[in-house]
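Below you'll find the structure, written out as structure tokens, and then a few comments.
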Amino acid sequence: MIATMPLLGALLATALPTLWLEVMGETKPTLQLKLFNKFSKESQKFVKERRNDNLTSDSSNIDSLPSTWGTPRFHEMLHRQDQRRLGATLHSDSTLFFSSGNFTMNYGEDYGWLHYAVINIGTPNVSFLVALDTGSNLLWVPCECRQCASNSARQQLDIPLNMYNPAASNTSQHISCSNSICESSEVCKDENDNCIYNVRYISANTRTSGVLVEDIIYLSSSNDQNTSVKARIVFGCGQVQSGNFLSSGAPDGLLGLGLGAISLPNTLAKAGLVRDSFSMCFESDGSGRIFFGDKGLASQNTTPFLHSSGTHAGYIVGLESMAVGSSNVQHQIDIVIDTGTSFTYLPRGLYSAVTTEFDKHIGQKRINISDVPWNFCYESSDGDMQAPPVSMVFTGGGNFSVYNPLIGIYGAKGVMEAICLTIIESDVAIVGQNFMTGYQLVFDREEMKLGWSSMDCYRLDERVDNSAASSSAFPVVKDPSNGSSSPLEAPAVEPSHSNAQIQVLRCNLHCILYTTFIIYFMIKWIS
């Protein structure tokens, strides 16, 4: 028998199985391929024999192999290898955003504001202006409405809004009670029934209910905007809304960006389209940006996410202290980072300490104003006030400076009358959007950490091709069916192969041909 020889031994450095060629027999040579897992005993033996002369310099690699097949350590290493391989298949510099653009905008009335983005769903696609909420998981849109926002509430946003109709979409499918993602299966009479959902939000009496459906959402890539990315997602056909959803809060739907399995970031990452991370940027003019797959800057501050210990699930971090001017308020609590909340909420003890220090430093006359949710307001006719800086320190020592914790209060004639500190006393600790202004926040779900960097959101447009990925207003696109212009409409485009995909395909073909030639000449040589 001819000695066993390795074919393409370099494959040992990857997660692919190692190939051995073994030629059997003396008079009638045959070619035999043996497949060994990288962490198998055979592979260990081969590596040790091959590196026998370099054990001292490379002992870390040898010792890293598990000594026993099937042990917990063995399976842990396989899992790590899968994670590395998955990461290698994704473009680390590639991010996705909605087909209408990466632009987000702050909308609202009175003293409640949320960031919104335009998404396109279904075939033919329908556009929705959805609120972006990291404090929940489900995407829902108005659909087969029995109780939805009134036309007057929807018209407050000054743009035409739509309604989703599952029967009108060629790619829509209902989710049955037998689907693993259905959380209400215990109330179903039959496993083939439509899966119902019912989500309650932290705002008083605010909830949505309906049935779950599956359809296509349209996205664009920062690497190639000419290629449309279509992803199948599960979302709520919102039939009944209540509370804030009937007035100004998300009248056209809400996009949950939380940690749940049904959330859009999880769906995109599970499909292998992007890394399991996303970023949101909040500009002082009320605009913003959103990128799926974004891991942020290497220089960003970070703090780990904590496991939820209460009823409010979401992105929770540890707050070590707050600073007001030169005063440091030590108070360790868990606090939620929630883009779906307009303002910042602190529990009584911390709220009292922070507002007291702020009141000491500001040196202005405090006044009471009716119909506002804040208790610390001060006379001001021009907004020119020397307010003390406010900052937070999160677990790990990262400093989070609040660029503007104040809001101006205007009278009937549009003249500023006062300025208020936008912190509210509450049983739940939440960092709301007003504290996020001037930052790019990175919700890194792979490494379970929050990242933040001071950012001019307009600079982020440089990572996107010079097509209409972002703009100062939501895009107006020609409707291909009638040639008319309609706001918020982006045509659904069939995906095409990107240059990267073509290069990978060519590489695979070359590798197959190269391996085939090697095997052919070895057989010829043996015979």
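Glycine residues also receive a Cβ, built from the backbone N, Cα and C atoms like all the rest.
TrEMBL entries are annotated by machine, without manual review.
A quick note: this is a predicted structure, and the numbers were derived from the prediction, not measured.
When TrEMBL is compared with the stretches 31-52, 207-228, 471-492, the one noted as region 'Disordered' is 471-492. Around ASP133 (active site), a 10 Å sphere centred on its CB holds 24 further CB atoms from the protein chains shown. A gap of 7 Å separates the Cα atoms of ASP338 (active site) and ASP133 (active site).
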